[in-house]
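Straight from Swiss-Prot, the features:
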type     : residues : note
DOMAIN   : 52-217   : domain 'FAD-binding PCMH-type'
ACT_SITE : R197     : active site
REGION   : 234-253  : region 'Disordered'
COMPBIAS : 235-249  : compositional bias 'Polar residues'
ACT_SITE : S246     : active site, proton donor
ACT_SITE : E316     : active site
Amino acid sequence: MNTIQPDDWAMHDTGAAPTAEVEGAVAAPVPIEGIRGKLTNQAPLAKLVWFKSGGAADWLFEPADLDDLKTFLARLDGDLPVMALGLGSNLIIRDGGVPGVVIKLGKAFASVETHDDYTVTCGAGAHGVLVASTARDAGIAGLEFMRGIPGTIGGFVRMNAGAYGRETRDVLIDCDVVLPGGSFVTLPVADLQYTYRHSALPDGAVVVSARLQGEPGDPEIIGAEMERVAEAREQSQPVRTKTGGSTFKNPPGKKAWELVDAAGCRGLTMGGAQVSEKHTNFLINVDGATSADIEGLGEEVKRRVYAHSGVELEWEIQRVGRP
């Protein structure tokens, strides 16, 4: 693994990539002069995702701030794939690693601010728990459900994350996005064309912040609802395991976990992966599972559910990278 800091290289920005040589003739994906973030070649990703499995990113970029991110994407070869990585839930990183560039947003993108009109402005790197708690302290209701979703606002916006009867589209006003090429745009919620666990955000777009609409509320009542959400999650889900969250989308009028259970998959194993005994719509890494174990188990569950009920389950967990 090689970490490049901009001061390590004397080079000129010609607008073409690559121009820098890194150890072993590995070329940096952009001219790095003036880039202030951290750029790492062959960066292990397993430690950054909840399943604790998977390969490395060809490149991992951790921008110093918004301007740094815009500069980086403006210089990046448009043919290279770009993926934003949040908290690492809802994600399988395949064992062969991720091509192109993975972008990890840090503290500069994790702020949360409340406003007198009961709106909340939050960075894409802010955790759902922080957003809900900050809103509670300001007497802003309507965001309690985010307490029960593992992830960051950037991921919530991209996939229309939801829980306990509420979804991101119910509270999102708009979001700020850096597009491939480095342009900065604000997209109103209508432009995202939300459906169940899906948005129309273009590939390679990086959400950097979002504005959410709440409503007046009593902090004590809001706090009690957040505690209820947290307790419900603790009681029903394997939250203290290496898991990725809900594995399959709920088919219309049905619950995925019931279909999985009816097909006899509770406790089913493949390699070091297992269908949770506690909640059958969760896969868990119980014994050094590879990502191939986890994804393979999910595919086997899909096969058995279809054979039993005729319903074809759809993955909710994102699966990225090379096998």
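Using the three backbone atoms N, Cα and C, a Cβ is placed for every residue, glycine included.
Known features from Swiss-Prot, placed on the structure.
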residue : record                    : Cβ within 10 Å
R197    : active site               : 19
S246    : active site, proton donor : 23
E316    : active site               : 20
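Under 8 Å from some Cβ of the compositional bias 'Polar residues' (235-249) lie the Cβ atoms of residues 49-53, 89-92, 150-151, 196-197, 256, 260, 276, 278-279, 281-286, 289, 294, 298, 301-302, 313-317, all in the same chain and six or more residues away from its ends. On the backbone, the CA of E316 (active site) and the CA of the residue listed as 'active site, proton donor' stand 7 Å apart.
Under DSSP, E316 (active site) is assigned to coil, being neither helix nor strand in the three-state scheme.
On a Cα basis, S246 (active site, proton donor) lies 11 Å away from R197 (active site). Across the compositional bias 'Polar residues' (235-249), the DSSP tally of helix, strand and coil residues reads 2 helix, 6 strand, 7 coil. According to its DSSP assignment, R197 (active site) is coil.
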